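Asks: Mind looking over this structure? Questions follow.
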Amino acid sequence: MSLNLSRLSLLSSPRISISTHAPRKGYVCCSMKSYRLSELSSSQVDSLKSRPRIDFSSIFATVNPIIDAVRSNGDNAVKEYTERFDKVQLNKVVEDMSELSVPELDSNVKEAFDVAYDNIYAFHLAQKSTEKSVENMKGVRCKRVSRSIGSVGLYVPGGTAVLPSTALMLAIPAQIAGCKTVVLATPPSKDGSICKEVLYCAKRAGVTHILKAGGAQAIAAMAWGTDSCPKVEKIFGPGNQYVTAAKMILQNSEAMVSIDMPAGPSEVLVIADEHASPVYIAADLLSQAEHGPDSQVVLVVVGDSVDLNAIEEEIAKQCKSLPRGEFASKALSHSFTVFARDMIEAISFSNLYAPEHLIINVKDAEKWEGLIENAGSVFIGPWTPESVGDYASGTNHVLPTYGYARMYSGVSLDSFLKFMTVQSLTEEGLRNLGPYVATMAEIEGLDAHKRAVTLRLKDIEAKQLA
């Protein structure tokens, strides 16, 4: 679905028109519409920051019967849907990780995943908070303590691309948090096996079970539980519209399961000035566009000195040689460029758009970090492509999309924890605080609340008089 921008005024100057000239697969990288922020009304800017609407009504109609079937028939339903959708016949739906050996990988591949593991582990371990206890009044002590979520489900997509990096991003914080049961769901290969890179990452990061299924049936199996799949209490991970719909339905069902965040197509917003390399700008835009035809790609140009022709040529050149260039082409067809007078206007628009990924590729990029309010993850400076965060810098790549960065955070260690508050009062504490509580309870007309305090205060007073 493309973004409806028909009521916005296009720039009078030529659009960025991108063509691959001699495409290998019969596709053409489409043009990106262009707009000048200073010429748009506030309502037009609001339209520009809106994402394509997803009509979930038809998707729910498909997903609901799958969820019901898995609830009723468990593993058999998972097998049936896996054969129908993935053309794979499963003998076994769930693998116990303790029974699987660590797969052999090429040394360079193993080293890459090991470096990523170490960086992701270090960054998420540093998120552990120390327990703090506060004495608000004499004898009144309060604290907040954390506990791991007992069982979690991790969804690792396997549709248009295999994503072992997502296994690391989800399993490592679960491992650090101390989640006892960690179920990783991922579509099986045609022979019913698990992608060896995903298996390696899962073993390294402490996954306890692998559910060899994808789509809505995998989400339902983790939410309800089956004979072989443990029921989980929270489900994490990106997926297509059917996966997203299943998560939305199940979090509001009798399954009593929560989810990480709402999800939409992946997206990037790049802010660039005349100091940014056109080669890097093009590469960053295309690295997001290649995710899929529904990816959202936005370029914000600062000032009038950016060489748009050079960017056009680079996008055409790089798109032409990409194996997934057809996906990139379709994504670019509903993407756009906006022109900002300065960095203040550029960042103001970015904060309105609230991108999943925000790249700041301008001179002295670091000094603008303090103005950024809404973004899933930020990449600052010419040497920080989005790819490093996607794979191995240490930050998490499971992030809010679709503008949800205005109110949601990406996956972190806290996502796998729950927090309890604890309070304890001494006799002196209740003498100090109790009368105020009794007064407030009386104002609200809750006499039992009041008595729970006053009965104790009377006993304390009686002991003192004895």
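Each position is counted from 1, following the chain as shown.
Note that Cβ sites are derived from N, Cα and C of the backbone, with glycine treated the same way.
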Asks: According to Swiss-Prot, SER266, GLN288, HIS291, HIS357, GLU444, HIS449 bind substrate; which one of ASP227, ASP390, ASP414 is annotated to that same site?
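Replies: Looking through ASP227, ASP390, ASP414, the residue Swiss-Prot assigns to the substrate site is ASP390.
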Asks: Which entry in the list of binding-site residues, HIS291, HIS357, has its Cβ near the fewest other Cβ atoms, using 10 Å as the limit?
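Replies: Among the binding-site residues HIS291, HIS357, the lowest count of other Cβ atoms within 10 Å belongs to HIS291.
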Asks: Which of the recorded positions TYR155, GLN217, ASN240, GLU356 has its Cα nearest to the Cα of ASP390 (substrate binding site)?
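Replies: Answer for the nearest of the recorded positions: GLU356.
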Asks: Please identify which of GLU356, ASP390, GLU444 has the densest Cβ environment, defined as other Cβ atoms within 10 Å, among these recorded positions.
Replies: GLU356
Asks: Between the Cα atoms of TYR155 (NAD(+) binding site) and SER266 (substrate binding site), find the distance and write it as a whole number of Å.
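Replies: That separation, Cα to Cα, works out to 16 Å.
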Asks: If you measure C-alpha to C-alpha, which of GLN217, ASN240, SER266, HIS291, HIS449 (binding-site residues) come within 10 angstroms of GLU356 (active site, proton acceptor)?
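Replies: Hits: SER266.
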Asks: Around the NAD(+) site formed by TYR155, GLN217, ASN240, which additional residues qualify by having Cβ within 8 Å of the site's Cβ center?
Replies: PRO157, ALA185, PRO187, ALA213, GLY214, GLY215, ALA216, ALA218, ILE219, GLY239, TYR242, VAL243, ALA246
Asks: Round to a whole number and give the Cα-to-Cα distance in Å for the pair HIS449 (substrate binding site) and GLN217 (NAD(+) binding site).
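Replies: Checking the Cα atoms of HIS449 (substrate binding site) and GLN217 (NAD(+) binding site) gives a distance of 47 Å.
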Asks: Starting from the Cβ of TYR155 (NAD(+) binding site), draw a 10 Å sphere and report how many other Cβ atoms land inside it.
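Replies: By my count, 30.
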